[in-house]
Amino acid sequence: MREVNFNIPNVNKASVNITTTLYDRRALDCTSTLPLINSLNHLAYLTTSSARIRDILTVDGGIERLVCILKEGRSRDLMEMWKWSLAFQCVVNIGVRGSESVRTRVVEADMVPVIATILDNYIKVVDKARARADSESQRQSSRHHSKAVPTSNDVSGRPSFLEQPLTAEQRTSRRHAPPSIEIPPQPFFQENHVADSNVLDVTSPSRVPMTSPPERSAFGQDVHHRRTNDGRFAHGNHRHRMQPLATALPSMDATDGFGLRPVRDNERLPSMLPGFHTGLTSQPDSPTTPNAPVQPRSSAQATIARQRPSLRQQQSASGESDDGNGDGSTMDEDPASTEAAEPIVGLQNRMDIDDVGDRDTILGGVSDSHDLTVTDPSEEQEAETFNITHRSTVDGSMINTDNAQNNAALGLSPTQAADNANSPALVPSPYSLYFRDRTTTAAHGVLTTMPRDEDVLMSLQLLAYVSKYCNLRSYFQHSHFVPKLKIDRELQMLEEGTSPIEFPEDEDEYLLPDDVNIFPLVEKFTVRHHSKDMQYWACVVMRNLCRKDESRGGIRQCAYYKCGKWEEFQRQFAKCRRCRRTKYCSKDCQKAAWVYHRHWCHTTP
């Protein structure tokens, strides 16, 4: 029987591998991990820069082989995890940068079940982390409240903190905002803040809001003294017994209100302190002058930096427009969403200014439990540096061909050429930080097997590019989960005080029914507590669901996933009055779908 590990003895090669100048399909069949990682590392570069390589992979079985590597599951071994990540990067490059035929082949190679499993795992981990964090915070708040409760006479005779009369100075300070801070208009997602807070309240009553990074959360010294000298903040013990006021304040952009300056060491928040995040390096203010003062930008420059380039502007390497033929699929086409002060990607548009004065208390509470108030990773880097394919892997748009050739002659990987000072530091998810601080074996097991934020982000982006083809919609609405990629066992180990459940052996994947609709999974990422990038790409996918099928006479499908009814003729279904894009066959479907549709329903004039 033929050995799958091909070798070339005459050139002293133990295995065939892929280089930056040579593609050999036999290298993907290698069963040894190290040479396969080497080949996948170079293939990631080739799939980014060469349209011909992407086309070849669709006809020689290369995509199927990459999907098989992904379906083998994530292992706790570092080399196996590296192999899985590189294979996933290659498939995303092929699907995002390829032509319509190439993207069709990616979907036909059964990539959708892999994406569905990744999204489902991430949702389960987020729900588990939030549930455990809420229960822990409630226990801590109840224990703290029991220790700090005064006598009954004092309670009956003294008004509460919220009932105390305000002095004239305090009333004035409450009525008027500080002169150095300007509050911009509320974003579009805060229209239903009161209605949403009952279901999707991210900040629990006992958590302390924290802001990052240092270059975009610098507070003026006058603001600091004004808040610390205010009588409302003199009672530090009341802060832990009430919900932070930051949840009731409208979000604001730091760059629009006041000029930024370097942060002194004695003014740093916990998230700014060196060594607070182990193994992470913060992004400098400037790639060339890390300690240079940050200059205030004009409103026009800030607006440009906050705007995300639409899919219409992101051309694939093969020269095809990524937006298809009309019926736009991006959020940029919504004039109301662009005119409202809601940046999709870019500078930090939210600053929790409450409880900043008492920094010692904040530092003292860091070690107890991690705050799961989500800080958006996309807000910690400039819009021009945002790239969905993270810079630690190869990005052909940033690589100089001369340098790549020189590195190849020296035996270096192109990854080293792309990894420079402009590469932003990847900020871990607050949920991964939550599990990382837990010393139990089960928590570390979940941490090693849970999808990374980059994996979820690339999955959503890949779906955004392939879901706009209506002839492929059946692949998204009738899919399944990959058994070897599921993390139900690891999540079950986190349950304390429960007997372990004996899970049945995983069935073969080909025996599983295709009863999973991926659109409800994607719709859950449009909720606010996910990062802005996840919300953006999830909204693009959901808007692609509203496209009309030109091959069937321009009819549309009911947007409620449990219905899925198609129009019998054009304009049979009524559109949503707010977004004028989503169609429903009945009022009942519209009411049932509004629970999540409100998060990606944007007003159009």
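Don't overthink the numbers, they just go from 1 along the chain as shown.
Even glycines carry a Cβ here, placed using N, Cα and C.
The feature Zn(2+) binding site is assigned by Swiss-Prot to Cys576, Cys579, His597, Cys601, with sequence analysis given as support. Sequence annotations record features per position, and here Swiss-Prot assigns compositional bias 'Polar residues' to 279-315. The compositional bias 'Acidic residues' feature in Swiss-Prot is assigned to 320-336. As annotated by Swiss-Prot, region 'Disordered' applies to 134-187, 203-352. According to Swiss-Prot, the zinc finger annotation covers 560-601, on the basis of sequence analysis.
Proximity of distant same-chain residues to the zinc finger (560-601), defined by a Cβ-Cβ separation under 8 Å and at least 6 residues beyond the stretch ends, is recorded for 189, 192, 196, 334, 477, 517, 519-520, 523-524, 526-528, 535, 538-539, 542-543, 546, 548-549, 552-554.
Taking the binding-site residues Cys579, Cys601 in turn, the residue surrounded by the fewest other Cβ atoms inside 10 Å of its Cβ turns out to be Cys579. Helix, strand and coil counts under DSSP for the zinc finger (560-601) come to 11 helix, 5 strand, 26 coil. For His597 (Zn(2+) binding site), other Cβ atoms within 10 Å of its Cβ number 21. Highlighted in sequence order, Arg578, Arg581, Thr582, Trp594, Arg598, Trp600, His602 have their Cβ within 8 Å of the centre of the Cβ atoms of Cys576, Cys579, His597, Cys601, the residues recorded for Zn(2+), and are not part of that set. Looking just at the zinc finger (560-601), the mean pLDDT is 91.
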